[in-house]
Amino acid sequence: MAALDSLSLFTSLGLSEQKARETLKNSALSAQLREAATQAQQTLGSTIDKATGILLYGLASRLRDTRRLSFLVSYIASKKIHTEPQLSAALEYVRSHPLDPIDTVDFERECGVGVIVTPEQIEEAVEAAINRHRPQLLVERYHFNMGLLMGEARAVLKWADGKMIKNEVDMQVLHLLGPKLEADLEKKFKVAKARLEETDRRTAKDVVENGETADQTLSLMEQLRGEALKFHKPGENYKTPGYVVTPHTMNLLKQHLEITGGQVRTRFPPEPNGILHIGHAKAINFNFGYAKANNGICFLRFDDTNPEKEEAKFFTAICDMVAWLGYTPYKVTYASDYFDQLYAWAVELIRRGLAYVCHQRGEELKGHNTLPSPWRDRPMEESLLLFEAMRKGKFSEGEATLRMKLVMEDGKMDPVAYRVKYTPHHRTGDKWCIYPTYDYTHCLCDSIEHITHSLCTKEFQARRSSYFWLCNALDVYCPVQWEYGRLNLHYAVVSKRKILQLVATGAVRDWDDPRLFTLTALRRRGFPPEAINNFCARVGVTVAQTTMEPHLLEACVRDVLNDTAPRAMAVLESLRVIITNFPAAKSLDIQVPNFPADETKGFHQVPFAPIVFIERTDFKEEPEPGFKRLAWGQPVGLRHTGYVIELQHVVKGPSGCVESLEVTCRRADAGEKPKAFIHWVSQPLMCEVRLYERLFQHKNPEDPTEVPGGFLSDLNLASLHVVDAALVDCSVALAKPFDKFQFERLGYFSVDPDSHQGKLVFNRTVTLKEDPGKV
């Protein structure tokens, strides 16, 4: 049908010309609306009135199952369905009853077919609603929420026409209140402002009590409760767009509900061939968080189907990271737990003519739109014998595979289900020499564990068709796969292969090098798990891929550490200072608050002796304008001591380098307040401090247009600076690995596992927020 004819048809249905043109841009909607209109005209034998046309548009735009189009059009054309509430009920009914035949008696009862709502009934329902709210209505007049009255009337008269209810409400309110006065036309500023202020107070209180981030971002749990509205309820998988319904579906879902009791079940299924990274933190939060938000359970399932690349250290590290982020799996499972069942199902696929043994080499299978395998139509009995021979080790690696008979969404034909590998498995030993692929294993393991929501990243969308196909081909419970966007960071690589290259070339020490964005690296650097979870909450769950700046993650880290990391003082590049008139014979004990903003969190004690050490940068013989720290004629305060020091003599070595300073001190309250107070240490511990910068110079080190030489050419050679002889106050003497501190004026630091008795090692986690007043 020509576009002009379609435009004329759509406007004749009651659509505005603009709406009709917008509809024409959507080919699927246009085709469905044309078909609905054609069928309606055949039923009516005449033109379609506007009311019927609008319902047909609503049907065409909202109906997912096109098999039901004719059925519903017949009800609309015959006026058995003639209101929007009836259409909504009809669409919900066919969505909830995906199998034929439809029970028309039950359908008509659920959709209000034949129910007549008289004007008198509408009048009575509206009058009753107005009487319930009369006092408030008389006070607020036309500022009252009239939608409340319409909602209450509609609740009583489910099948009443909404327009008729609105007209009746308008008429009765006008009769009660009379015409609008000038005050009724004014905007409701004061009331709105009062409500907004109350909302702000409640929100602020919630943020404090729930420990959320300072910008009052919704927690991921709260977001997932919202996302839950978009997901199907357990057992209602068929309501998900694109879900494939077979004659066995409803019975399988019934059995599924009997097993799970309607419980939400998710899973986090990592491959144990590498360390988890920041993107996995989002997946962990999403899967565990969604289950928790809905009182469900989450499995930790290792996809251990590739024994060549799996190592015990990766299993341990993954379990540790899940626990570190604060989550406890309902059960830790392995794909290898189900190898026997997976093999039995593979045999069944062959018996059903849906899989075959193929001898094409790997390079022949690569790419899309490849030619069909010459072995695709080999006899089922032959494939059974050959698959058994594969299991018994009678083929070399790459000599035979088992392939499934389907074409995936991305055009890939007949994905491999099993391949030969003569590598012993870490759990099953040498029992198997054939191993299932991800495409074969993933959906069937989800089915075995009765997962309700299989949440995975967007790159698996092309595998959704094979996911549904395989479960349905075997007539087993089919979960719903839902894809979301990956989380990436600028100035980072997270690919396992590329991290291995970084380790192999010595660019980083290992998977937990603090310059990486693996979770073990972030933990070693000192990032608190709460900060990572808060960061995931800020990013949220979207379908689009998200690439974030590292400073946003660092802001979350500061928010947490500001409240949890006790203060200490450390000096990185020290300068010796001798106080010539020290006010005590030996030393003084200084009480320093662990958290200066909240002294109820306690104090720690540090010595203050005649010799102290300050940062070399806190002294200048010839200061530039605006320099506020120690200089000739410019005293400076020592934090927490109550004393001010003033320069008397500069001691230099043979090369002219300043070796020490001699100063005098006075009470801070005994004279003019100094321009600045600096940190210091006395009788300190020597320690090693590692200062980290970005590992890469460009935002997208893997982008060949930005970094033509490849990511290894983009390394920042100054990404690590080690201070071997830093000094720190004695309050940290008993610190353990991963303990965290704020070194005053320097940043947040964490104790590294390389620490040993006699020398602590600190990693700088993040710097402090920039102080514009510091010079």
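Start at 1 and count along the chain as shown; that gives each residue its number.
Any Cβ shown, glycine's included, is placed from N, Cα and C.
Annotation comment: Swiss-Prot describes 271-273, 277-283, THR457, 486-487, 494-496 as ATP binding site. Around ILE278 (ATP binding site), the same-chain residues at least 6 positions away in sequence with a Cβ under 8 Å from its Cβ are LEU487, LEU489, ALA492, VAL494, PHE517, THR518, LEU519, LEU522, ILE532, LEU553.
Swiss-Prot lists ASP303, TYR438 with the feature L-glutamine binding site, giving similarity to another entry as the kind of evidence. Its own atom aside, the Cβ of TYR438 (L-glutamine binding site) has 17 Cβ atoms within 10 angstroms in the protein chains shown. DSSP assigns TYR438 (L-glutamine binding site) to a helical segment in the three-state reduction.
Annotation comment: Swiss-Prot describes ALA2 as N-acetylalanine, evidence class experimental evidence.
Marked as phosphoserine by Swiss-Prot on the basis of a large-scale study or a structure entry: SER70 (among others). Shown in sequence order, GLN39 are the residues of the chain, 6+ apart in sequence, with a C-beta less than 8 angstroms from the C-beta of SER70 (phosphoserine).
LYS309 (N6-acetyllysine) falls outside any helix or strand according to DSSP and counts as coil. Contacts of LYS309 (N6-acetyllysine) defined by a Cβ separation under 8 A and a same-chain sequence distance of 6+ are given as GLU271, ASN273, in order along the sequence. Marked as N6-acetyllysine by Swiss-Prot: LYS309.
Residues or ranges marked as phosphoserine by Swiss-Prot on the basis of a large-scale study or a structure entry: SER495 (among others). Around SER495 (ATP binding site), taking its Cβ as the centre, 13 other Cβ atoms fall within 10 Å, counting all chains.
Residues 302-304, 306, 309-311, 314-315, 317-318, 321, 457, 486-489, 492, 494, 496, 499, 511-512, 516-522, 532, 553 of the same chain sit 6 or more residues outside the motif ''HIGH' region' (270-280) yet have a Cβ under 8 Å from a Cβ within it. The annotation motif ''HIGH' region' is assigned in Swiss-Prot to 270-280 on the grounds of a curator's inference.
The motif ''KMSKS' region' annotation in Swiss-Prot covers 493-497 and is backed by a curator's inference. Beyond the motif ''KMSKS' region' (493-497), the same-chain residues lying 6 or more positions past its ends with a Cβ under 8 Å from any Cβ of the stretch are 273-275, 277-279, 517-518, 696, 701-702, 711.
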Residue, out of the binding-site residues HIS280, LYS282, whose Cβ gathers the largest set of other Cβ atoms within 10 Å: LYS282
Top Cα neighbour of ASP303 (L-glutamine binding site) in the set of binding-site residues HIS280, LYS282, SER495: HIS280
For LYS282 (ATP binding site), the three-state class that DSSP assigns: helix
C-alpha spacing of TYR438 (L-glutamine binding site) relative to THR457 (ATP binding site), in angstrom: 14
Cβ neighbours of GLU271 (ATP binding site) where a neighbour is any other Cβ within 10 Å: 17
HIS280 (ATP binding site) to TYR438 (L-glutamine binding site) - Cα separation in whole Å: 18
Within the predicted model, mean pLDDT of the motif ''KMSKS' region' (493-497): 89
For the motif ''KMSKS' region' (493-497), the number of residues DSSP places in helix, strand and coil: 2 helix, 0 strand, 3 coil
TYR438 (L-glutamine binding site) and LYS282 (ATP binding site), Cα-Cα, nearest whole angstrom: 21
Distance, SER495 (ATP binding site) to TYR438 (L-glutamine binding site) (CA atoms, angstrom): 18
